[in-house]
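Annotated features in Swiss-Prot:
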{"type": "COILED", "residues": "642-684", "note": "coiled coil"}
{"type": "COMPBIAS", "residues": "376-440", "note": "compositional bias 'Acidic residues'"}
{"type": "COMPBIAS", "residues": "472-483", "note": "compositional bias 'Acidic residues'"}
{"type": "COMPBIAS", "residues": "498-508", "note": "compositional bias 'Basic and acidic residues'"}
{"type": "COMPBIAS", "residues": "590-608", "note": "compositional bias 'Basic and acidic residues'"}
{"type": "MOD_RES", "residues": "2", "note": "phosphoserine"}
{"type": "MOD_RES", "residues": "149", "note": "phosphothreonine"}
{"type": "MOD_RES", "residues": "154", "note": "phosphoserine"}
{"type": "MOD_RES", "residues": "472", "note": "phosphoserine"}
{"type": "MOD_RES", "residues": "476", "note": "phosphoserine"}
{"type": "MOD_RES", "residues": "478", "note": "phosphoserine"}
{"type": "MOD_RES", "residues": "518", "note": "phosphoserine"}
{"type": "MOD_RES", "residues": "561", "note": "phosphoserine"}
{"type": "MOD_RES", "residues": "573", "note": "phosphoserine"}
{"type": "MOD_RES", "residues": "640", "note": "phosphoserine"}
{"type": "MOD_RES", "residues": "648", "note": "phosphoserine"}
{"type": "MOD_RES", "residues": "665", "note": "phosphoserine"}
{"type": "REGION", "residues": "370-508", "note": "region 'Disordered'"}
{"type": "REGION", "residues": "590-612", "note": "region 'Disordered'"}
């Protein structure tokens, strides 16, 4: 216990020293930071003083500026109050005359109206850094626009046409405030309000007269400029230097632009600013917005909404044509009725409000998805046709012969079209004026031609070249459904159904036929004829397998075109009825032929090969089945092992649960032990404190052991100790006197059962006297009293005595071996070994040392505790 107390005391001392060192270091750091901060604070104070000086200078400059501004504003106010106010001119990019008119209105208003000035208050609040100076002048003109020339009535100079008693109000308000200005002398605020509202009934006459004179002067200037321009043009004409810049446009676009000419002139005269756009569109301004129109129909709709525009253009815009729509069979499309084969001379005119007369003809073509289906089905039927050559050879010969005749007809038409194109190129050499006259008076080169619509049986005849547009469409699906019916009724129904489907599914593709580009014209015609030839060649197979329309377009005479259309309907209806029944038979015959050929071609070698392959397949299948069975057996055998593993896992999980419970209990015990250890340490500390107190109280005491007791009790303890000192320590009396406080036997009561005499406890005045006696007793080794040997020791507590008693056996062995052992306070073993003193606090420490030292271990032998 004494060892633990010493270790605790040493730890406390170390901690105290560490705390002192830490506090000392912190104090030094604080002193250093104070030294570093001091110059920084000095610099900051200096910077602040410099900034304040600069700020004062700036404030003085600001005061000077404010004084100058105040003086200028005072001068301006005086000028305004004296009737010298000037109003800035208003800039207007559209009319230069508006500026002068506006200035005159304001001057007249200022002359006839009075001005009132109010100066209100002084000593207003003025801030340090804010300045708000406002100067407003507002002129509200309630008279409306003054730019139109027809604004005033020429017969009456006092009244206006739109408002008989229209008045003009001019309101000028000028406001000036000086606020938030730092002034040392005082605060001033000037607020000026200048308002002027007065009707202009008295001065209308003079004002209107002045406006009329100005407008007359402007008209004269405009006339002079026009005359100058005309004179310059005449001079240039005389000199032969007239230049005209015209866009290089085709004749069709020029003809279209002529339709807008009358409309253009009327709009230009009424200041609508019309323009021709590049896409042959008309644009003009209406209500401040630019309106664009691509055709007369859109313009007519807009005019119907605007009454003013409708009245202007009522003589120019054509009336709508009513279209009589019949039934489904005879209903002709609106665009096809209004198509125009337009050229430089506008041949074959048909009235149209749109721009469709730019195109030769609008042809309807199948969708791209349907064309792909046609191509795939054509490939399938081409294979069937090769097999069907023997059965239907005669029908194919007739069809090909008819197609060759039809191919020869467009070749002749191409020559006629080339001749017409050459004639049109010669006509293009004439000027624009001749073209306008020819379009209005002469007939075109295409007069006498016919536009034939075989689908709806409509013809447009002319005298020259005959053009026919034939749309032949067949639908095989509708024909296959009606195979059982009569041929005549079947033909009529199929043609009607195909015409209906074609009108729904086809797309419109316009072919431009501009007369100015003769090369393009030839190419377009050649492409059209070439397409007709290709489509006629593929007419029979496509009609057999698909229900999509396949169109043909050819140029021929009226009689030939009608015959061709009639023959084509017959051919297609005949082929549709014959091939549908023949295809199924051919398929069956082909399947039989292929089977027979396949069986005949198989030879013996091929049969052997097939047998070998079959055997190999069988063997491989059997092997795979065996392997699968083996794997299944292995799985079954391993199933028991899996079950055992599952059981073992269950056991392990149960054991784990038990272990967790035990660990929890052990943790609880450890917590309890930790609590017990805390209590034990507290008890040990308290005991150590008690022992220390007891040891200090016994520090001046000596025990005398072995002095016999007399029955008479004549000899007292004090006399006995004096005799012992005189007998054994006579030299100590010479140097100093040993003062004894008390001496008595312990315990105070006599125990008759006790065999040994009681100890005598002697207490000295000083602990130094006690130490002298103990040191002398160690040197003498033997102390006697009246010839008997006695023992003299220090007075110690029971705890220290118990701790020292543990060293008794070790002490004896070391004493016998000559190591000079001794027990130090409170219970330390010390002995000499190899010229050094070894000190041990506990027996465990001594045992560890002996085990590592073989010499000591040999000497001590079995006496090691």
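Note: Cβ is positioned from N, Cα and C throughout, glycine not excepted.
Since this is a predicted model, take the numbers as computed values, not measurements.
Projection of Swiss-Prot feature records onto the structure.
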residue	record	DSSP (3 states)
640	phosphoserine	helix
648	phosphoserine	helix
665	phosphoserine	helix
Inter-residue C-alpha distance, residue 648 (phosphoserine) and residue 640 (phosphoserine) (nearest angstrom): 12
Chain-internal residues, separated by at least six, CB under 8 A from residue 640 (phosphoserine): none
Packing count at residue 648 (phosphoserine) (other Cβ atoms within 10 Å of its Cβ): 10
